[in-house]
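Structure record follows, encoded as structure tokens.
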Amino acid sequence: MTDVSSPAGGAASPVEMTTSSSPAATTSASSSKPLTNGANKTTISTTAGGVAPGDVPGTGSGAIPASSSSGNQVKLEHHHRQSNNNRPAATNRSSETKLRSPAGESDGASRLMTPAGSSSSPSQSPSQTQASIQTQTSQQDRLTKASTTASQQDVDEVARLFEEKPEAFEKWLTERAPPEALSRLQEFIENRKPHKRPSVTSDLFQQWMAASPTVQQKSPRSLSNSSASSLPECRRHLMDLDEGELFMELIRDVANELDIDVLCHKILVNVGLLTHADRGSLFLAKGTPTNKYLVAKLFDVTQKTALKDAVARASAEEIIIPFGIGIAGMVAQTKQMINIKEAYKDARFNCEIDLKTGYKTNAILCMPICNYEGDIIGVAQIINKTNGCMEFDEHDVEIFRRYLTFCGIGIQNAQLFEMSVQEYRRNQILLNLARSIFEEQNNLECLVTKIMTEARELLKCERCSVFLVDLDCCEASHLEKIIEKPNQPATRAIKSADSFEEKKMRNRFTVLFELGGEYQAANVSRPSVSELSSSTLAQIAQFVATTGQTVNICDVIEWVRDHNQIRAEDEIDSTQAILCMPIMNAQKKVIGVAQLINKANGVPFTDSDASIFEAFAIFCGLGIHNTQMYENACKLMAKQKVALECLSYHATASQDQTEKLTQDVIAEAESYNLYSFTFTDFELVDDDTCRAVLRMFMQCNLVSQFQIPYDVLCRWVLSVRKNYRPVKYHNWRHALNVAQTMFAMLKTGKMERFMTDLEILGLLVACLCHDLDHRGTNNAFQTKTESPLAILYTTSTMEHHHFDQCVMILNSEGNNIFQTGFAGLGAGTFGSGRGTGGGSNSNFPGDRVLQIARRTIFFFVPELDAEDDVVDSVVDSVVELSVVVLVLDSVLVAALSPEDYRSVMKTVESAILSTDLAMYFKKRNAFLELVENGEFDWQGEEKKDLLCGMMMTACDVSAIAKPWEVQHKVAKLVADEFFDQGDLEKLQLNTQPVAMMDRERKDELPKMQVGFIDVICLPLYRVLCDTFPWITPLYEGTLENRRNWQDLAEKVEMGLTWIDHDTIDKPVEEFAACADEEIKDIEFTVTTLNCNQQSQHGSEDSHTPEHQRSGSRLSMKKTGALGKAVRSKLSKTLYNSMDGSKPKTSLKLLESHVSEDMDDKSPTSPSQPQASGSMGRMSASSSTSSAGGQMVDKSKKRSKLCALL
């Protein structure tokens, strides 16, 4: 319908006005143009192919002639689609155009019916209607220009208002806009959106899959025909058409048919109509390229045979004809048409069908059906003419050939569509199987039964069996092997040299799943060896499991006869076809065999069946493997639980140690030097280290603040110490130093004012636990060796392990200092408070309970003696009821709430992970940005996390800020641990370690220490002391140690080898500074310049400056040459000493000690000249030493100092 109207205001109609001599104007039936004049509104609508109710039907072309005031005619033409059938033109092109007013309009509206001269609406005459149209047209012509201008001004004004006040426009839309305007606006918006091209194929496929099987067997055309008229009427209608029209009509009938059954039925019926054949059959090609055969899709179909009957007959008795057998078989093999006039005279004709049905076959026309590539996809056969002719003539052959050409395209399309439907259903089944794998992963029997049921229903077989192989992968040890080496298969490949019997013994079946008919339940059994050996089906499955090959058997008896390995004793007469396929796991190891027995229709299993069954086998393997892995994982989890229980027992400190520590006197913090940044643990024994930790907790008021039971705290400290390995550096002593530095930063550095008590508790715990169970190797080594820790934690490997060990200790019985709820208060707990001496444990809550108990006793029994033993026994009794006493005295154990527990554990985890230098580099820039912006409020969660992370790193590397006598010893320990890792990398990984871990480059340690200080330590301490000036000693100590390391690095560069053994000995400065100590265990190798010449011409060179003397300087460096900077520095030193200036103290002391030591041990005469001073003595002594080759006492540890003078 086309509505033509104009807006109020007199806009001209956009309908084209043409004169009678001009070409007719056409307007599409889908266009919509409004046309109004004042209060009147006229609608012009056109409909094609029918008459509206109440209208008078008209004839003609369907145009609407209407005269205007100027004598023009309004002509609206429309186009409609012609009908598929060849109807007369007058019938197919009938149309009408009507002008009507919408409901509710005034009486001025009119309705016109076409053609001209027909009766008009009952309310108006034709002349009145024509006058109305002329009036509207003239008014539109006069007001077109003014209306257009006013409309544009209105648009501009409204647009300006909307732009200035969009809120008002939105409010008007939501509150006062007419519904019609909103619907038009919504329609306009929808039309502006980009639309996807409609997929006809997808819609058709979805409609097909949603339809019922009954509807799918019938095409839409057949449904409409069956409802409209009977078959004889359709036949009479087709007979009225000429041959060309009939041929095209029949082609259109099969062109869009996608159901293969309906298509074949239509082909046979239509061929009967075209050739006047009595009945026909259609065969489709099946089978493999080497074994092809024809299957009768529909057989003996007449023009009166219904589709349902034809399909039922073909399904009940399936006819299979091999290529080359019979008339149809010869046509399929030769691709040549066969036209037989007398069937019984042809030797290829099989008269058995005629004998069964009583029908006599005379003439036969059989023709191949090929696809676009020329391959045979079917054979069509028609028999006996119905028009009195006794044979099929050339005209019938030509029509048959032409029609089958189009039918070949339709058949192939239908087959492709059928394959798509089958693939779709197959995918749905496989998705259901995948879903079942996750649903039934804890029940292997249910999973296998569900898979077998789906396979049996899809492949239409009689029986289905699954044999499971007894493998090592069924044991938990297999999963452990996979975890140890995830990139290597844990299964052992079968060697080709193994015999069949040896392979067979390794693949022994342990479980058998059997599923019979449709209504039979699954049977699960564990067959014995004798049962397996006597069963042919089990032997075939054993053959498949051993060889790993898929077996598709058409004749079981013949196959068993051809394979001598099968020695079965049971009867196999009922077994016709077997499809047997191996089931493999993720490691490509056969874990079972799936077996299908006998298709329901008696035919062998095809390649398509094997392909579908392969998918079932894959999903079955995944499900079985997944279920077995789940069972193994459960076993391993149980093992892990037992191992953790054992580990927790052995990792926890003993009760004797705990009781001893609880009874020990805890000295004051000053006696341990805990407040100082120069703290050292060298003088502390192991028990003192634990006491120092307890004192730090007490001084931070954590014991009383969180009411930590004292025996729990002591046991936890001892357990933490016990879980550190005896490595050279990352041991319990290192954890103690880190915790002490944190304590000093909190107390001396006044950082506690930025932290809550809960955060202080978390930081101290994190410091003590940050290297738990350290193995002396870093994260990179764990990743390179693919250790279980690297598999468990992909990032910050060791740090995550340290935190997990911390949690393990806390979760151990009697070690949870973060325990929630009321803490357990026993007699042992409070008894530990007695005898601590001097009130050193004043923060211990047990003392409060004991005081309450004693006051209560003497209040009620004042005559008791305070020293009486009765008092002690009564006190012990009161302690047993301490909970009641605490309630009465309002002293409840305020242990951590669940929220506080989560908070402190989060602090501990974040702090321990922050000790990874990779995390430090990630957080450093954000922290520097906050400091540079002058941040002073550190109470935000993110800012507090950054601050705690920087403090943990500062404490972790705080050994670099210790006094020099402490720092260089710690550096030796770190270097030794690194060198051990480097040795492991050479031994296990066969790789060259980095310089800091290479024992052969240990001389570079001072230089590497300087680099470590410059890159990590100094920037960190600088920014911390700039923000928190109370921790400046860390920065100053680091600067001092950097100067020492730099000085030592320069001397090593000059040729001083300060390391000569696997363990690092004292540096040069330590000996140089000890002027009063006698040096006994150092071997000196002194090289002078031209010693022989000097002994002969001493007077000659006595006045020559050292730096101008000829000769080469011999260095003890490996390269044998000194750098330019070293030569310059050495020359200046020697020149200044010869000029009488005071040399450096270290060199002077060194020279004196060397000369005295060499003089005492040298066999030279005492009358040797001494005028040359210390240098002369050094030269003489050195030459004598070199000549004599004397050695220092071998029983002492020896180090080598090479001094170049």
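Keep in mind that glycine also has a Cβ here, set from the backbone N, Cα and C atoms.
There are 25 other CB atoms within 10 A of the CB of Asp771 (divalent metal cation 1 binding site), with all protein chains counted. Residues or ranges marked as divalent metal cation 1 binding site in Swiss-Prot (evidence: similarity to another entry): His734, His770, Asp771, Asp956.
Per Swiss-Prot, the feature divalent metal cation 2 binding site maps to Asp771; the stated evidence is similarity to another entry. Classification of Asp771 (divalent metal cation 1 binding site) by DSSP places it in coil, neither helical nor stranded.
According to Swiss-Prot, the feature compositional bias 'Basic and acidic residues' maps to 1098-1109 (among others).
Marked as compositional bias 'Basic and acidic residues' by Swiss-Prot: 1152-1162 (among others).
Per Swiss-Prot, compositional bias 'Basic residues' is recorded for 1195-1205.
What Swiss-Prot lists as domain 'PDEase' is 654-1052.
Taken from Swiss-Prot, the feature S-farnesyl cysteine applies to Cys1202.
Taken from Swiss-Prot, the feature region 'Disordered' covers 1-153 (among others).
Residues or ranges marked as region 'Disordered' in Swiss-Prot: 1093-1122 (among others).
Annotated region 'Disordered' per Swiss-Prot: 1152-1205 (among others), in sequence order.
Between the binding-site residues His734, His770, the minimum number of other C-beta atoms within 10 Å of a residue's C-beta occurs at His734.
If you draw a 10 Å sphere around the CB of Asp956 (divalent metal cation 1 binding site), it holds 22 other CB atoms from the protein chains shown. Compute the center of the Cβ atoms of His734, His770, Asp771, Asp956, which mark the site for divalent metal cation 1; besides them, the chain residues with Cβ within 8 Å of that center are His730, Ala735, Val738, Cys767, His774, Thr915.
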